[in-house]
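What Swiss-Prot records for 1-22 is signal peptide, and it gives sequence analysis as the kind of evidence. Swiss-Prot lists N155, N228, N247, N286, N307, N329, N355, N361, N486 with the feature N-linked glycosylation site. For 689-709, the entry in Swiss-Prot reads transmembrane segment. The topological domain 'Intravirion' annotation in Swiss-Prot covers 710-830 and is backed by sequence analysis.
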Amino acid sequence: MSKMAVLFLAVFLMNSVLMIYCDPDHYIRAGYNHKYPFRICSIAKGTDLMRFDRDISCSPYKSNAKMSEGFFIIYKTNIETYTFPVRTYKKELTFQSSYRDVGVVYFLDRTVMGLAMPVYEANLVNSHAQCYSAVAMKRPDGTVFSAFHEDNNKNNTLNLFPLNFKSITNKRFITTKEPYFARGPLWLYSTSTSLNCIVTEATAKAKYPFSYFALTTGEIVEGSPFFNGSNGKHFAEPLEKLTILENYTMIEDLMNGMNGATTLVRKIAFLEKADTLFSWEIKEENESVCMLKHWTTVTHGLRAETNETYHFISKELTAAFVAPKESLNLTDPKQTCIKNEFEKIINEVYMSDYNDTYSMNGSYQIFKTTGDLILIWQPLVQKSLMFLEQGSEKIRRRRDVGDVKSRHDILYVQLQYLYDTLKDYINDALGNLAESWCLDQKRTITMLHELSKISPSSIVSEVYGRPISAQLHGDVLAISKCIEVNQSSVQLHKSMRVVDAKGVRSETMCYNRPLVTFSFVNSTPEVVPGQLGLDNEILLGDHRTEECEIPSTKIFLSGNHAHVYTDYTHTNSTPIEDIEVLDAFIRLKIDPLENADFKVLDLYSPDELSRANVFDLENILREYNSYKSALYTIEAKIATNTPSYVNGINSFLQGLGAIGTGLGSVISVTAGALGDIVGGVVSFLKNPFGGGLMLILAIVVVVIIIVVFVRQRHVLSKPIDMMFPYATNPVTTVSSVTGTTVVKTPSVKDVDGGTSVAVSEKEEGMADVSGQVSDDEYSQEDALKMLKAIKSLDESYRRKPSSSESHASKPSLIDRIRYRGYKSVNVEEA
C-alpha cells in the first residue's frame, strides 16, 4: 500500500471519529487573509529544483561623463511683431438736416459719410499739409455728385491741424473741429454740408509669416507690408486699388504743418480700401526682420557629454540646456542676421574674461536645444594645458602663479568646485548605495540559504511573496504550489487535548498545534481533520503531539486574530493589531543636498509678450473713445418737445381725412408758435433784467392809477372847473376869439337846427363887469339856453388854432420861393 493511500485512510478514520465524538460547540471559525489563505502544502513527485546563487561580485560605480569648459550665448525666437508707421487719409462728409421754428431750431437727421481720399490729394497732404474743400463721388451709373464744405460751391484748400485728443500710438490731424451748421428759413427744412479731412499717423503690426497687418486704429490690411508688386509676397487686396510710387518726398511729421521736415522714401504704397486710403513704406523683409533675438550670455559654463546629447550647465542661471550632438548651420537670411552680433559678443567675452589664461579651443559651434533655443558654444582650454600637450619648454618657463590667481580664474574655479563637489557628492552617494545594496543582497542570499535548511517553505514563500511548498533534497530545494481549501469551511477546535478512539480526552498528551477541520473546494462536503500551521498552513493529520505542560499559555495566529489557549483550552481571541510588532526594519538615512537658490528664467519679458500681439485691444479702445469724443460729440443740442395737447388735436383732426390733416397741421404750427411766444415771455420774466423791468412797469401803473383816482375825485367835487377850466378866466379873454374890442356873444342854435337866439352886443365900456347875478329864478327854458350857450362857447374854444398848428401852417422855404410876390389870404376874409 502506498504512502498516500495510508495517509488518506488515516484522514478518513479521523473524520469518522470526529463526526461521532466531537460536539459543534467545541470549535470556532478560524480567520484567514488574502495573502496567506488556508492551504495544504505537500511535495508532489514532479517538482521544480532550485538553488541559491552566492557567487555575486559587487563593483564600485564610476561615471563616464566627459566635461569641457567654455562659454555660450543663447538666442530665442523673436516673437515681437514687425512694427512700422502707417498713414491713413479720409474725408468725412456730414449732412445735418434741421427745421427752424420760432425761437428754436430742431436737429433732425444727421448723416455722416466717409470717403477715401484720392492719391493726388494725399500728395497734397504729404507735401503741404492741406486738402481740398470739395469732394466728388461717381456712382456706378456714371453720375457724379459733388459736395462742398459749408455749401459755398468753391474748391479751396484747408489746412490740417492736430486734434486735441491723441494717444501714444496715434496722432490725428483734421481740418474742421466742429461740423458746420446753417440756420435755415423760418418754418422750413434745410440741410447743411460740412467736410472734414482726417489724416491719422498710426502704428501697424505684422506677425510672421506677414500675411496681413493690423493698425492700432483697429483696421486690417490683408496683405504683406513687404509686397512690392513683383516679389511674390502674399497680398489679398485688389491690385487695382494699390499704387506704388518710388523716390517719394513727404513731410515726416505733420505736427508743424507745411514747415515740417521732409524725408525721402525709397518706395511707398497707397491702398484704397472702403472709406480709407492707407500708405506705408515698402522695405526689404530680410533687412527689417530678424527671427532670432539675443536672450543671455553665460560667461562661465560647462558642457557634459552623454551618449546622444550635450548638457550645457550654467551656475549663473541655475539651469542646464540639453541639445543633440549635431551642430547647425544658419542659412536662413532671417537667422543669419545674428551672426555679426554673436561673433562680436564672443570676442568681447574672450578678451574681457579669458584672454590671459585661456585659449579658444577651435571655432564656435551652433546647437538647437530641446526648448527650440539657439545656443552658440565656444569651447576653451587652459593655456597651460594646451602648451603642455604641445611640449613647449618656453611655455613651461612662462608659467606664473599670478595668472592662476586672476579674478577670472577664481570665478571659474568656484564654478568648477561647485560642480565637482555636487558631482562627487551625488556620484559617491550613488556608488556607496549601489555597493552597499550589492553586499547586502549577497549576505541576504547566504542567510536564506542557511535558513532554508530549517524551514524551506517559509523561506521560499517569503522570496516569492506567495505561499510556496518547499522541501530540501540534498543541496537543492524542491518547490511546488500549495492547494487552497474551502476558506469558509475551516473551523478551529477549542481543545488541544488528544482524544482516543473511545472519545476520552487524555490528561497527559496534548497537540502541539490546534486541530482544524476543513473541506476541499469543488468536492464532497465531507470534513477533513488537520492541524493549524504557520501563516494559515494546514498540516494534514493529527500526529503532532506533546506531553501536556500545566500551567501553559499558547497563542496561535490565524488571519487577523490571535487565538489564546490556556492549559490547552481556547479562552479568547484578540485582534492581531493589539500585539506589538517587533520592528526589525533598518531604514536608510541619507543627508540632503545643500541649498541651491534657483533663479526664475523669463524667456520673454512682459513687454515682449505684449508686443507679440498684432491686436492691442487696450490701445484700440483708447483710440476709439478719444476719436469718438473728439469728432462725434455735439457740444449742445436745442430740442423742444411739441406740447401734448397739440398732438392730441392733431390726432383728432387726422381722423377727418385729408382736410382735417391739413387743418391739423396748420393748427399745430400755430399752437406751436403761440407756445413759443408764451414760453419766450415766461423766459423773459424769469430773467433778472426782465423781472426788474416788469417791477418798474408795475410801479408806474400804480402811480398812474393813483393820479387818475385823485383827478376823478377832483372832477366829482368841481365838475365845472374841471370840465370848463376857461370859465374861471376873466371875461376880457373871450374877446380874443373874435379879435374885436367888444364882447360878442355868438349865436346859439337850437338842438333841432332852428334859428339862433339873438344876443345883445355891448361896447366894451358898457360891459357889465360887476359880476353880480340877479336873484330872479331862471326857467327851464333859460337853463337850456344857457347850457347851449356854454356848449357853443366850448366848441369855439376848441376850434381855436394851437401854436403847433399855426407853426405847421407857416409856408416852407420852397413854398415861399415858389409863391414869392403873393400874400396869404385870411380864411375868414376869404
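Here the Cβ of each residue, glycine as well, is placed from N, Cα and C on the backbone.
Model, not experiment: these values are computed from the prediction.
Recorded features from Swiss-Prot, shown on the structure.
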residue : record                      : CB count, 10 Å
N155    : N-linked glycosylation site : 13
N228    : N-linked glycosylation site : 16
N247    : N-linked glycosylation site : 9
N286    : N-linked glycosylation site : 13
N307    : N-linked glycosylation site : 7
N329    : N-linked glycosylation site : 7
N355    : N-linked glycosylation site : 12
N361    : N-linked glycosylation site : 15
N486    : N-linked glycosylation site : 14
Can you check what DSSP calls N286 (N-linked glycosylation site), collapsed to helix, strand or coil? helix
Rounded to an integer, what is the Cα-Cα distance in Å between N286 (N-linked glycosylation site) and N355 (N-linked glycosylation site)? 35
Among the glycosylation sites listed here (N155, N228, N247, N355, N361), which has the Cα closest to the Cα of N486 (N-linked glycosylation site)? N361
Whole-number mean of pLDDT values that fall within the topological domain 'Intravirion' (710-830): 57
When the Cα-Cα distance from N355 (N-linked glycosylation site) is computed for each of the glycosylation sites N228, N247, N307, which gives the smallest value? N307
CA pair N155 (N-linked glycosylation site) / N307 (N-linked glycosylation site), Å rounded to integer, equals 81
Integer Cα-Cα distance in angstrom, N329 (N-linked glycosylation site) to N361 (N-linked glycosylation site): 19
Residue pair N228 (N-linked glycosylation site), N247 (N-linked glycosylation site) - Cα distance, angstrom, rounded: 14
Can you grab the distance from N361 (N-linked glycosylation site) over to N307 (N-linked glycosylation site)? Cα atoms, rounded to a whole Å. 22
